[in-house]
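Noted in TrEMBL for the protein shown:
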ACT_SITE  CYS149  active site
DOMAIN    3-141  domain 'Semialdehyde dehydrogenase NAD-binding'
Amino acid sequence: MLKIGIVGGTGYTGVELLRILAQHPEARIEAITSRKEAGIGVADFFPSLRGRLSLKFCDPAEAGLEKCDIVFFATPNGIAMQQARSLLDAGVRVIDLAADFRIKDVGIWEKWYRMSHACPDLVAEAIYGLPEINRDKIRNARLIANPGCYPTAVQLGFLPVVEAGIVDPDHLIADAKSGVSGAGRNPETHTLFAEAADNFKAYGVPGHRHLPEIRQGLSSAAGRPVGLTFVPHLTPMIRGIHATLYVRLTEDADLQALYEKRYAGEPFVDVLPAGAHPETRSVRGSNLCRIAVHRPQGGDTAVILSVTDNLVKGAAGQAVQNMNIMFGLPETLAIDHVPLLP
Ligand SMILES: NC(=O)C1=CN([C@@H]2O[C@H](COP(=O)(O)OP(=O)(O)OC[C@H]3O[C@@H](n4cnc5c(N)ncnc54)[C@H](OP(=O)(O)O)[C@@H]3O)[C@@H](O)[C@H]2O)C=CC1
Ligand SMILES: CC(=O)N[C@@H](CCC(=O)OP(=O)(O)O)C(=O)O
């Protein structure tokens, strides 16, 4: 049994980790932290977990995290970097669901995240936890940078054509929409029901902090820097990301065959039949990314549609996928849910 610690158990990714790990046959949750709810029973706070977990939230300082085999940070940016070193020194493996270790160029990270990095040497060691590109490195990693929600959907959609070198790498366009749970559980005006329901808007058009993360991954796949326009939108649903990706083809290719071949054997990437239009509800509550490839009117612009659940493949599910790989467990263990419909 793996001894698990979770820092930040009251947020949306924290409760999603709890939902998954409470049913994981090889995991035992030893500690869940919350500064605000310390001393409160987890199942009293989240009735969905009644009968599944008897733990109480505890303060991070009293959690005994160094006794765990693995600790997940489901905290805001800038928290994991303060505690990762002492945990790693104690032999604990760490998965950060926030962005502290995602961007290799620390100067770029500091510019986008507007803080100084506490441990740049650990950024160099961290493995970017997108199993579809880094599975072998994840196996032996001590420290995983779990990808962002938009970056997961966008990179998985672009990867096959970018790796194949058959598109103009200077003009990649990602038009992405997220449900409001992507903004976390902390109350903010723009996610109030009266603001977000029956409304739709773009945000972060001049630059969103997922831009450098996506660009880093796709540049590595292309073997050269790529140019990317990334426009996120807030859409009035709770879970889900829908990314519409546009590329200009520089060579003719059977895109359907290319995508099917690239993701053959990937348990969590489903390439839909030609002409399909994936819906966010077709992945809701599951660790799946469903992708469809289109070439409207046979022209030289390809349109790729990629959908995920931001809290599962975009966060907690992918984190558990990484944990399964790190500990030599079956990769799909406890994350093989059938999506919820409707
Ligand atoms: N929501 C999403 O779809 C996705 C989120 N992420 C990332 O995952 C992380 C968590 O996101 P989300 O669950 O939405 O966030 P929430 O705001 O919903 O939750 C944050 C959690 O962190 C705890 N926390 C806050 N500050 C500290 C601190 N200084 N020390 C210890 N714990 C702290 C909070 O509890 P308390 O204050 O009581 O301690 C709370 O449990 C973020 O970095 C986010 O960017 C990544 C992918 C997708
Ligand atoms: C809808 C919404 O607000 N989404 C968040 C997604 C960011 C997020 O969750 O952060 P990481 O994935 O980097 O950890 C945003 O745009 O800031």
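Heads up, the Cβ atoms here are built off N, Cα and C, so glycines get one too.
These figures come from a predicted structure and were not determined experimentally.
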Summarise the model's confidence over the domain 'Semialdehyde dehydrogenase NAD-binding' (3-141) as a mean pLDDT value. 98
According to DSSP, does CYS149 (active site) fall in a helix, a strand, or coil? helix
